[in-house]
Amino acid sequence: MYDNQRDLLLKESDRFPPPQGVRLSYGTAGFREDASVLLSTVYRVGILAALRALKTGKRIGLMITASHNKVSDNGVKVADPSGGMLTQDWEPFANALANASSSQDLVQLIIEFAEKENILLNGSKSAQVLVARDTRPSGELLLDAAKHGIGSIIGVVAHDLGILTTPQLHWMVHVRNKGLNGSERDYFHELSSSFRCLFNSNPNNSEWKLKDWDNQLVVDGANGVGGQKLEMLKEMLNGLAIEIRNSGKGEGVLNEGVGADFVQKEKIVPLGFGSQDVGIRCASFDGDADRLVYFTVPSESSNRINLVDGDKILSLFAIFIEEQLTILAARTKATKIDFRPTLGVVQTAYANGASTQYLKALGLEVVFTPTGVKYLHEKAAEYDIGIYFEANGHGTILFSDYCISVLQPLYWELSDVSSGSKSHKAALRLLAVTRLINQAVGDALSGLLLVEAILQHKNWSIQTWSELYQDLPSRQLKVKVVDRTMVETTNAETEVVKPPGLQEAINSKIAKYPKGRCFIRPSGTEDVIRVYAEASTQEAADDLATSVAKLVDQFLGVGSSN
Ligand code: NG1
Ligand code: ZN
């Protein structure tokens, strides 16, 4: 390392001293903490992103967000050149950087790591990191720290994209690394034009109908960035009739009593919604708009909702894709192109058991990974068409390069042999989905448009969709413990291996409940152990979750559960 690089790093990092007594860990979705302790972490992640940009020679993304966490928290995560999550091999380095106790230690770590990874720190190469933030008040200052981190590596510059949803930033990294423009306008154009294409491929629809389209969709923007961006998208769809509430214009606090996480976990009506919405199709985004769930308010007299979660979105997408593939399979014999893509569905242990049973009964291949998009995404990418969703509403559909490269010529061939036919339209629809659905990460905006297009296509109400299968009653609880890293799990997080004896104790509780299923795992985004339970009745699921939460308390020391 040249002296000027070392001096710059020392000087800059002295401005961002690490917090005392806080141990940071790159969890399920980057670093998350109370925003007041994050300046040095974000500065250091800026350095990491810059090194990653030099290593790959491509644009890297850095996002300041704490997604569904409370407004006083914030966080930072890195997007790799594909637009996906940071490669897992760099996570130990991220942890070491964040926890280095002095500027000297930090510089030493950087020197050693750069040597190991063959990254030249002599300013001979240039690179770019795209940075953005959500609407959290702490975001501006943290973004500034990130820019200082990026600027501490000579040759690397930060390109500030301002306030974006998390999936917008990932999309921009993905698209720009393919040599395309990737502005926010391009993003909205891609979503709106592919949505129009899907909408018009339904014989009962036409462009002029878009405006008069069933206006009974109300979206809860979690008082975050998603509501504002949906307003912009609406403009590009000629004022598509969607009502947006909790749009972050001073109606309430980010994620407080609103948003996808609240709706999915509490299963009660979010603020701003109520008796006036009975029976109407409603949707909720989370704070950074990478999660989407739907719901209805079944009755005026209760605040309970009927949840249509990520598992049901996944099921809707899977049915639609499978349908188009079946239409195509019948016709591709007439063309020279043999198109038989592999289709796989990826879930986590949080998927409702009824959804897994339903998907398997459809003949689909269903696989499980640990919690966290990085695992699901990686697995889904093994298929030509991989559909992944977390129950909380984070998910997308990935199309392999092979798949996209075959669909286009197939579409043209079909337009020769049977233009306007069912198969021709099926190819058109699949192509539209490849453009509409975010290929980098789960995206509430593009997911919403795809759900809406499919419901229109099938002429389904939200009730018909929701009745595809009946969810097994479930309950999620969080337990505060002294040290959540005391819990270690295996088998896609469904079994505890540490502390010894805890899994046996959980098993004996599960055995008491018909259709009982329960597991615990340390959260990667909050300082808690999560408990998930399912059983044949709500009361039984509640009891099972509560009794296992008590076990966690007994095994892992003093704490309170909620
Ligand atoms: P943790 O806190 O590790 O459970 C939560 C979600 C994940 C994922 C991340 C990232 C649940 C049970 N867990 O992770 O699925 O979405 O946040 O936001 O919903
Ligand atoms: Zn999120």
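The backbone N, Cα and C atoms fix where each Cβ goes, glycine too.
Nobody curates TrEMBL annotations by hand; they come from automatic prediction.
Just so it is clear, the model here is predicted, and its values are computed rather than measured.
The annotation in TrEMBL ties Asp286, Asp288, Asp290 to Mg(2+), and of the candidates under consideration, Ser67, Ser72, Ser82, Ser508, the one tied to the same site is Ser67.
Comparing Cα positions, Gly524 (substrate binding site) lies closest to Ser67 out of the recorded positions Ser67, Asp286, Asp288, Asp290. Comparison of 58-90, 309-460, 506-550 by number of C-beta pairs under 8 angstroms to the domain 'Alpha-D-phosphohexomutase alpha/beta/alpha' (116-175) places 58-90 first. If you draw a 10 Å sphere around the CB of Glu390 (substrate binding site), it holds 24 other CB atoms from the protein chains shown.
Checked against ligand 1, the binding-site residues Asp286, Asp288, Asp290, Glu390, Pro522 give Glu390 in sequence order as having a Cβ less than 6 Å away from one of its atoms. Using a Cβ-Cβ cut-off under 8 Å and counting only residues 6 or more beyond its ends in the same chain, the domain 'Alpha-D-phosphohexomutase C-terminal' (506-550) has close neighbours at 25, 27-29, 32, 66-67, 69, 75, 349-350, 352-353, 371-372, 472-481, 484-485, 487, 489, 493-496, 556, 561. In sequence order, Thr65, His68, Asp134, Thr165, Thr166, Gly224, Gly226, Ala260, Phe285, Gly287, Ala289, Arg291, His394, Ala444 are the residues of the same chain, not among Ser67, Asp286, Asp288, Asp290, whose CB sits within 8 A of the CB centroid for the Mg(2+) site.
The binding-site residues examined here are Pro522, Gly524; by Cβ neighbour count within 10 Å, the least packed of them is Gly524.
Nearest Cα neighbour of Asp286 (Mg(2+) binding site) among the listed recorded positions (Ser67, Glu390, Asn392, Pro522): Ser67.
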